[in-house]
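Single-structure report; data block below.
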Amino acid sequence: MGGERTQSGSSSQSWFSNFSSSALRVKTLNGLPPSGSSSSSSSNEGLIRRLGLFDLILLGIGASIGAGIFVVTGTVARDAGPGVTISFIFAGGACVLNALCYAELASRLPAVVGGAYLYTYVAFNELTAFLVFTQLMLDYHIGAASIARSLAGYLVSVLELFPFFKEVIPSWIGSGGLEFFGGVVSINLLAPILLVLLTIILCRGVGESSAVNSFMTATKVVIVLIVIFAGSFEVDVSNWTPFAPNGFKAIVTGSTVVFFAYVGFDAVANSAEECKKPQRDLPIGILGSLLICAILYIGVCLVITGMVPYQLLGEDAPLAEAFTSKGLKFVSVLISIGAVAGLTTTLLVGLYVQSRLYLGLGRDGLLPSIFAKVHPTRHTPIHSQIWVGLVAAVMAGLFNVTMLSHILSVGSLTGYSVVSACVVTLRWKEKVSSQFSTKWISSRQEGIICLAVVALSGFTAGLCYRFNASFIFMILAAVVAVISAGALHFRQVYTEPSGFSCPAVPILPAASIFVNIFLFAQLHEEAWVRFVVLSIIAVLVYAFYGQFHADPTSNQTIVYHRTATEES
């Protein structure tokens, strides 16, 4: 009996030892292929580099600007007044912090798909990378299904502009659904059909999907510019007074809402393996798309608050109602078409990014190898693409996923925060030179503790702001974050990477982490529960599958292809 207990205890200790060593594995920088590599192998399997700089910028804009530019701008203006413009500037500034971090890592690790997951795998460890993936992926799955339902609704509204379709299409084909079991099951027909069509386009190849995204994004941007131009002639500057009717706090609260209108620029980083000149074009694509989005958002804000007094803005379609009140009905029609184009590109890019993330994990062994297969002639991860399309179609067709919208954005904020931390850790000189001494380990641990303190301070400040605690507590949290950032700056040695370099490291990434976690504290309580529960599930999946199949050196065998013009 005693011998059995000893053997059982030894077995458990061995399992936990293996789990710990597996969880702390990293993907080495030396194991990644160079950014311009293409294999001379006779194999035809692999992704193909076809995306230029213009394609990347349109990809970022397509992912970021959906129907929200016609809705969120007005709904937030109802509370912040004309000061909503400042809300978008604040939110854009916060996103710039994240974009600069993404730009450096996209330039530094430009040759492989994976985005935030890949960066975390290189900078931290295998388990943390898998946790980042699961949080991002749940956001993407729910988001895709929710957007598909919204797209179905807007598409029906455009069709109903024609008398033939007026009041003929049932609600369960549009944004609504045929409900069963008290609304738990909500059948919708059009949303899964749209997802199937987009999945077919994505499976045909990155060239075809990029062409569709470019056309729809260009249409959307042109419509937004028409809206800004037409509205500018109807602006009454007296409507901009008072500029902040509900005070500065309403502007800050507005910025926490509109921050998520910029989310999507990180999709550019996931196209690394299909970009012609990734080291040069990825940083420009990330920052360029974000800048264009900010300009368009601010332009729409100025127009809508100048056309109509903020108190009179509608709730559901404020921009369309503003133009209708001015007798510009044709602009309202354009807004509906722009919403369809915007949601289409957002959905298309979202499905594209999901498949590339599954491709990365399939290659690394953290998911079954079927996700790593690339079609020999289409050069797309066809199994991953079909899987993400199928998941979204089932969710959009059977469930009212818009009810889950309040648990979204957890993955985005988590990913952004970890990416900012990756910039700091990969800059540490000891880490780059691989001096695995006792001093290095303690120095690294100290740095990670400082990053964690910055994040905790951001969460504390966010809670104080959310629950109207004394302003002194917010100041104390900010002071602790500043001290931790100072320790990162003075107690660590940093190197300058080749390619694009994020400025003011570690101060700027630390500020990015603080802002992201501050916003995390503003999310619904159920979003926090979702974060904890999903993290536990992810650890269990990793413990019983991922740790036994993962191979951090897998990318050494990847085959790359250039476009025919490059090869010639």
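Backbone N, Cα and C define each Cβ position, glycine as well.
What TrEMBL says about this protein:
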DOMAIN    500-549  domain 'Cationic amino acid transporter C-terminal'
TRANSMEM  51-72  transmembrane segment
TRANSMEM  84-105  transmembrane segment
TRANSMEM  117-138  transmembrane segment
TRANSMEM  180-203  transmembrane segment
TRANSMEM  215-235  transmembrane segment
TRANSMEM  247-265  transmembrane segment
TRANSMEM  286-310  transmembrane segment
TRANSMEM  330-353  transmembrane segment
TRANSMEM  382-401  transmembrane segment
TRANSMEM  447-465  transmembrane segment
TRANSMEM  502-521  transmembrane segment
TRANSMEM  527-545  transmembrane segment
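Between the transmembrane segment (84-105) and the transmembrane segment (286-310) there are 3 or more Cβ pairs closer than 8 Å, counting only residues 6 or more apart in sequence, so the two stretches are in contact.
Listed stretches 247-265, 286-310, 330-353, 527-545 were compared with the transmembrane segment (51-72); the greatest number of C-beta pairs under 8 angstroms is found for 330-353. Note: the domain 'Cationic amino acid transporter C-terminal' (500-549) comprises 39 helix, 0 strand, 11 coil (DSSP; helix = H, G, I, strand = E, B). Counting only same-chain residues 6+ beyond the ends of the transmembrane segment (330-353), those with a CB under 8 A from a CB of the stretch are 59, 61-70, 115, 140, 143-144, 147-148, 150-151, 154-155, 157-158, 161, 194-195, 198-199, 201-202, 209, 212-213, 216-217, 219-220, 223-224, 226-227, 230-231, 264, 267, 270-271, 317, 319-321, 323-324, 385, 388-389, 392. Listed by sequence, the residues of this chain that lie at least six past the ends of the transmembrane segment (117-138) yet keep a Cβ under 8 A from its Cβ atoms are 22-29, 32, 105, 109, 354, 357, 360-361, 364, 366, 410-412, 414-415, 418-419, 421-422, 425-426, 530-531, 534-535, 537-539, 541-542, 546-547, 550, 552. Within its own chain, the transmembrane segment (180-203) has Cβ neighbours under 8 Å at 144-145, 148-149, 151-152, 155-156, 172-174, 209, 212, 344, 347-348, 351-352, 355, 375, 378, 380, 382, 385-386, 388-390, 392-394, 396-400, counting only residues six or more beyond its boundaries. Through the fold, the transmembrane segment (286-310) approaches residues 56-61, 64-65, 69-70, 73-74, 77-78, 80-82, 84-85, 88-89, 92, 95-96, 99-100, 102-103, 106, 221, 224-225, 227-228, 231-232, 234-237, 239-240, 245, 258, 261-262, 265-266, 268-269, 318-319, 322-323, 325-326 of its own chain, all at least 6 residues removed from its boundaries and within a Cβ separation under 8 Å. Across the domain 'Cationic amino acid transporter C-terminal' (500-549), the prediction's mean pLDDT works out to 94. Sequence-distant contacts of the transmembrane segment (247-265), counting only residues of its own chain at least 6 positions beyond either end whose CB sits under 8 Å from a CB of the stretch, comprise 60, 62-65, 68-69, 72-73, 76, 79-81, 83-84, 86-88, 90-92, 94-95, 99, 102, 286, 289-290, 293-294, 297, 346, 349, 409, 412, 465, 519, 522.
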